[in-house]
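Inspection log for the structure reproduced underneath, given as structure tokens.
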Amino acid sequence: MSHCKVPAFIEAQVEMGSVNELEQKSLFRREDDATQIKAASLMEQGSLSPSFHEHTTAKSPKNSVVMSIKIVILSNKLNLLLPFGPLAILVHYMIDSKGWVFLLSLIGITPLAERLGYATEQLAFYTGPTVGGLLNATFGNVTELIISIFALKNGMIRVVQQTLLGSILSNMLLVLGCAFFCGGLVFHQKDQVFDKGIAVVNSGLLLMAVMGILFPAVLYYTHSEVHAGSSELALSRFSSCIMLIAYAAYLFFQLKSQSSSYSPLEEETNQTEETCAEDEDPEISKWEAIIWLSILTAWVSLLSGYLVDAIEGASVSWNIPIAFISVILLPIVGNAAEHAGAIMFAMKDKLDLSLGVAIGSSIQISMFVVPFCVVIGWMMGEQMDLNFQLFETAMLFITVIVVAFFLQEGTSNYFKGLMLILCYLIVAASFFVHEDPHQDGI
């Protein structure tokens, strides 16, 4: 019986079934690979969190309240700084020392900025790439946005302008410079490589943002306004709407484009998959992520109110210009999590991801947060405009040009990183000795 011959048509059917099965497996594998490549491409451009994974595989964990608190609050050493927030509020009502309130609020907001990024990342597991990209665009710089809205509410327009300018400068020079420097030290035998095409597009977007900020300043300082005092504001509001449309188009292009220039190399995709392997499933459920986002945003908002109120008092107490506090100190807190992420990716020889974190954040602020604040100020009745004044506008223009030159070759090393860091020190020193003549009309 064991030696009986199987009919030929049965063999053919078996073979055909095997071939069909192989074809189906191959098709599923190709679709899965295409999905992973798309997610990796989005991560490289800064739209998605580095540990984002396709939402179809996400399994919602069932955590108790205690377990959720343990995961979100007690799992990160940076959260040891969380008590400084309540301490700032306590000092405000007991001592009313503006300098201490400002310092404690600044320290207390630092871990909250990092946890906001974490909660957004967890929520992105369930939403898919499109909504995930929008979430990261919104919450990636939510700390700066909340501080800016509170400053606008208090009529501190110059603080808003300088804080947002400082975030752009910090990301382009300090964050990217530290990433290049640390990555270059780890891989000192070679030049690290990143996608030159994406870097060129990002540089072009930053130059477009500079154009939107530069023209109102030029209009003001050349005294060529058709209606003195109102043309500059009208141009700023129009340009802000155009910049928001451009940013929406850029985001859509990132998420939907099939252009080959935005597809990562096979080897980079494999590296990204290895990075995501440990975090294939979310740690908290979708509703837990939403609740934590709400709680963290409310806590950041509360501390931001005390922080903004104490800025002028801290400037007087420490004898430090408000411009230095706004441009240098506040952005360093808001960019703390991005700073660490960019360095980590560079030390793993993933420069495209570092570039996405640093330059992607600069694009978000310059093309989304800045014009959004102009529109919000418009709705509040505040005359927030894109005229960042001559000193700040020149600083931004030169910075974008310098960074664009460093990115044009598509390679990096520790020397380039060191140069960017030194450029940031020059910027910091410049604002330390700069007295803003318009500060009285904040």
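Cβ coordinates come from backbone N, Cα and C, glycine included.
What TrEMBL lists as domain 'Sodium/calcium exchanger membrane region' is 100-255 (among others).
Secondary structure by DSSP for the domain 'Sodium/calcium exchanger membrane region' (290-431): 120 helix, 2 strand, 20 coil. What TrEMBL records for 290-431 (among others) is domain 'Sodium/calcium exchanger membrane region'.
Annotation comment: TrEMBL describes 78-95 (among others) as transmembrane segment.
According to TrEMBL, the feature transmembrane segment maps to 130-152 (among others).
According to TrEMBL, the transmembrane segment annotation covers 164-187 (among others).
Here TrEMBL flags 199-222 (among others) as transmembrane segment.
The transmembrane segment annotation in TrEMBL covers 234-253 (among others).
Listed as Cβ neighbours of the transmembrane segment (289-308) (distance under 8 Å, sequence separation of 6 or more from its ends, same chain) are residues 68, 72, 85, 88-89, 92, 101-102, 105-106, 108-109, 112-113, 115-116, 119-120, 122-123, 126, 139, 142-143, 146-147, 150-151, 154, 156, 159, 282. The transmembrane segment annotation in TrEMBL covers 289-308 (among others).
According to TrEMBL, the transmembrane segment annotation covers 320-346 (among others).
Annotation comment: TrEMBL describes 353-380 (among others) as transmembrane segment.
Summarising the annotation, TrEMBL assigns transmembrane segment to 386-407 (among others).
TrEMBL lists 414-433 (among others) with the feature transmembrane segment.
Looking at which of 78-95, 164-187, 234-253, 320-346, 414-433 has the most CB pairs under 8 Å to the transmembrane segment (199-222), the answer is the stretch 234-253. For the transmembrane segment (353-380), the partner stretch with the highest count of Cβ pairs under 8 angstroms, out of 320-346, 386-407, 414-433, is 320-346. Distant neighbours of the transmembrane segment (320-346): 50, 102, 106, 109-110, 113-114, 117, 140-141, 143-144, 147, 158-159, 162-163, 165-167, 169-171, 174-176, 178-180, 182-183, 186, 192, 311-312, 314, 353-354, 357-358, 361, 392, 427-428, 431-436, 439, 442; these residues of the same chain sit at least 6 beyond its ends, with a Cβ under 8 Å from one of its Cβ atoms.
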